[in-house]
Amino acid sequence: MHVLLLKEPRDGESGPDPYITLFQPDKHGGLVFTSPRAVEAVKMCLEAEERREEWNSSVKDKWNGKSIYVVGKATAALVRNLGLNPFGEDTGTADVLSRVIIEREDTNIPPLFFPCGSIKREVLPTALRDNGVPLETLTVYQTAEHPDLEKNLKNYFTEQGTPASIAFFSPSGVKFCLEAVRRLSVCCHRAYYTGRYDSRRYGFIKPVNWEEIQFEDSDASFNDDFLDDIQDMIQEGTTVHRSRDAPRDGDQDTRNSFTESQAFLSALEEFQRVSGLPVTGVLDEATKSAMNKPRCGVPDREIDLNTPIAPENSSAADTQNSSSSSLNEADSNNTATFDAAKSFEDDIFSSNDTESALTGIFNDTSRNYTEDFNLFYHILNNTSLNNSHDINTDSQTVNVSLNVHQSKPARRRKRHLAALVTKYRNQRDLSETGFMAFSKRVLKWRLIGEGYSSQLSIEDQRYIFRLAFRMWSEVSPLEFVEDSRSPLEDVDIRLGFGTGRHLGCNQRFDGTGQEFAHAWFLGDIHFDDDEHFTGPNAGSGISLLKVAVHEIGHVLGLPHIYRPGSIMQPSYLPHESGFEMDWMDRKAIQHLYGGCKGRFNTVFDWIRKEKTPYGDVVIRFNTYFMRDGWYWLYENRNNRTRYGDPVALQIGWRGLPMDGVDAYVHVWSRKRDAVYFFKGTQFWRYDSENDQAFRQDPEGHRYPRLISEGFPGVFSPIDTAFYDRRDSHIYFFKNALVYAFDVEANSLARGFPKAIRDVFPAVQNGDHPDGNIDAAYFSFTHNAIFLLKGTRFWQVVGSRDRRRRPFLPQNGLLPHREVDQQWFDLCNVHPTALKLTR
């Protein structure tokens, strides 16, 4: 075969001119082009000036005197640029073009000249040859595989899942892409080829023991209770009538097969339900697509972690029977569990009208979130749900082992094979709610040296994990600290990357595709390094931050949660870079570990004037909680803190003391509008318009100033203070006394100081803070005054309360409640994570 070299011949080269064929139209009956690249290759032959002149002067016209066949409009356009007149651009395919050529050409003509690539379909040459039309084929360009082909395909399958179909537009596309596509398809189509296996693996057929389950090709084999082919499980019913009373050979197998098929169909329907799909019981395209999505490797349904452990001498059958009995009992108690969950809801939402409005989230008509919430707890433990309180780490706890004894040595754990897996697991304790939870509040974690990812720098990996742990700390009383020095067995949570058989784990990663990570309650987290993990804000790939947050949730005790927006959904859904913790995620972790408690230095609503884009002046406010040198912005409309808080005081409140303030006062009347912060014996005036403390205010006062200078008669340091618009007085609290300061008179009000109990009497005998108030706060959201001390608060009786209940004393203190029952997610983070930003 002749080869057309796409370069100028060098001086002294021997042999015939490699471009001679193109310049011998007399020896050919016409030209055939089936790809734009072939035309471009011919064009390159004409770049030399002498050849271009020869082409334009004679060769082009000779070719135009013959037939110039093309496939497609793009190829035709390029042929016209060469000065040739194409025919057949509307044929669309080489097959159609070959039929046109056969109809037009005689078998006695000189051969048609067919410039083509090194990889071509044989449809046209074969058809012409079979019909006697001569054809001379010449390779004019070579096709090579793009170096990033498999990587790009891998990223696509990771992010988009398996496509319904793949269209190829060239033979080279088939040659280079098909093998990679097949490999990826096999990986991503695991749900299609082994839907029954996945249903069992992830607990949809029956809850699984995640601690003991083995991967299909691990050293320890499965007891394969089901048929290998899905088609064998779904069979047309027989019309042969048989006696039900006279069992025959094979009846037991038939019954088992029917039971297995029913189990698979039930599992399929359950998967469709929790995935928000139409419940059909058919493995349709939508269901296969949902199964093919990248997901967490932790099963959706596990056996009750608190099931009694089988004795050492019990058989595997006895163990199975015990588990089945426990599960049957759990199923029979569904109604009771649902009622318990409803009771838990009522306890949560009885705190105030604002939070009661959140019940709408559970009662959304599009999903039964109450049922999901109940399912989430039923997976963990079939116990009644009570409001959670702080876990007393000094109290005796019940240790529960998850190692169910297996009689077969092949099923024994092999997790001791790597440094990641320690000699023993940390003890797992029951929280007061009856669920598995850590018994301490400060947890150590480590990215182990044997388990670094090959895709991100070590520092990037550690930063992402620090951020992931901080996100859980922001919504729970847990604090996390990276520990790189302690013995590995003393580290509570160990993280690592691996591929295939990895880190001595009894699970195996499946390569690019379905499972991207897995984790164990109160133990380890493994990430599949074959996946395309990326950092925050990368805009492509799988977000390592999002996956890490999900897997940490498992380690802390959470199962999968089937709620749109939940970080604990089993399937990976791409999120914007600033994804947040869902309401259900926060309530779930707080049910295990309790709410966040702690005292605050001051709480206030910051009022300021802002201009709209249209030039209008509006008055806005935000609620802030301050503790030491850190603060939280509280979003009353969402009844939670802003994501990413707490933040350093020096970042958000310029010019104030870095270690915190004691009080905030906003004197807001017809004559005055001034904001003050107090700390120790000094106070600062704040410039709300420029969002910083005044060094010198418009009246010429320099700051900070002494409290005794600006507020004569008030002894400092104070505990806290607030401005009461009802009487234009500032109330300063110090120990058991309160000082009412008349702003208009610039002096103490008559008769003050007084005992706090006299000015703010208890509505219920004995229920009073007595003194040393931490914070006094007027809330524009609630239109009420609150006094905070420790983890409690008291609401001051207002005029509206007295109109409804005239017997209430003026400024009386209603019975106390816990701060975390009124304001949610005001959680500390460990000092090492305080300055992390997203």
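Every residue gets a Cβ built from N, Cα and C, even glycine.
What TrEMBL records for GLU551 is active site. Annotated Ca(2+) 2 binding site per TrEMBL: ASP492, ASP524, in sequence order. Per TrEMBL, the feature Zn(2+) 1 binding site maps to HIS502, HIS518, HIS526. Under the heading Ca(2+) 3 binding site, TrEMBL lists ASP510, GLY511, ASP528, GLU531. Annotated Ca(2+) 1 binding site per TrEMBL: ASP529, GLU531, in sequence order. According to TrEMBL, the Zn(2+) 2 binding site annotation covers HIS550, HIS554, HIS560, MET568. Residues or ranges marked as Ca(2+) 4 binding site by TrEMBL: ASP662, ASP774. Among the features that TrEMBL reports, Ca(2+) 5 binding site is placed at ALA721. Feature annotation from TrEMBL assigns compositional bias 'Basic and acidic residues' to 242-254. According to TrEMBL, the compositional bias 'Low complexity' annotation covers 313-333. Positions annotated as domain 'Peptidase metallopeptidase' by TrEMBL: 434-595. According to TrEMBL, the phosphotyrosine annotation covers TYR703. Residues or ranges marked as region 'Disordered' in TrEMBL: 237-256, 291-333. As annotated by TrEMBL, repeat 'Hemopexin' applies to 658-714, 715-763.
The shortest Cα-Cα distance from ASP524 (Ca(2+) 2 binding site) to any of the recorded positions (GLY511, GLU531, GLU551) is found for GLU551. Most other Cβ atoms within 10 A: among the binding-site residues ASP492, ASP524, ASP529, that distinction falls to ASP524. Here the binding-site residues are ASP510, GLU531, ASP662, and the one ringed by the most other CB atoms within 10 angstroms is GLU531. Reported as a whole number, the C-alpha separation between ASP529 (Ca(2+) 1 binding site) and GLY511 (Ca(2+) 3 binding site) equals 8 Å.
When each of the binding-site residues HIS518, HIS526, HIS550, HIS554, HIS560 is scored by how many other Cβ atoms sit within 10 Å of its Cβ, HIS518 comes out lowest.
When other Cβ atoms within 10 Å of the Cβ of ASP774 (Ca(2+) 4 binding site) are tallied across all protein chains shown, the result is 23. Separating the Cα atoms of HIS554 (Zn(2+) 2 binding site) and HIS518 (Zn(2+) 1 binding site) is a whole-number distance of 9 Å. Other C-beta atoms found within 10 angstroms of the C-beta of GLU551 (active site) number 26, with every protein chain shown included. ASP662 (Ca(2+) 4 binding site) sits 8 Å from the residue listed as 'Ca(2+) 5 binding site', counting Cα to Cα. Comparing the Cα of HIS502 (Zn(2+) 1 binding site) with the Cα of every entry in GLY511, ASP528, HIS550, GLU551, ASP774, these being the recorded positions, the smallest distance points to ASP528. Working note on the binding-site residues MET568, ALA721: by count of other C-beta atoms within 10 Å of each C-beta, ALA721 ranks first.
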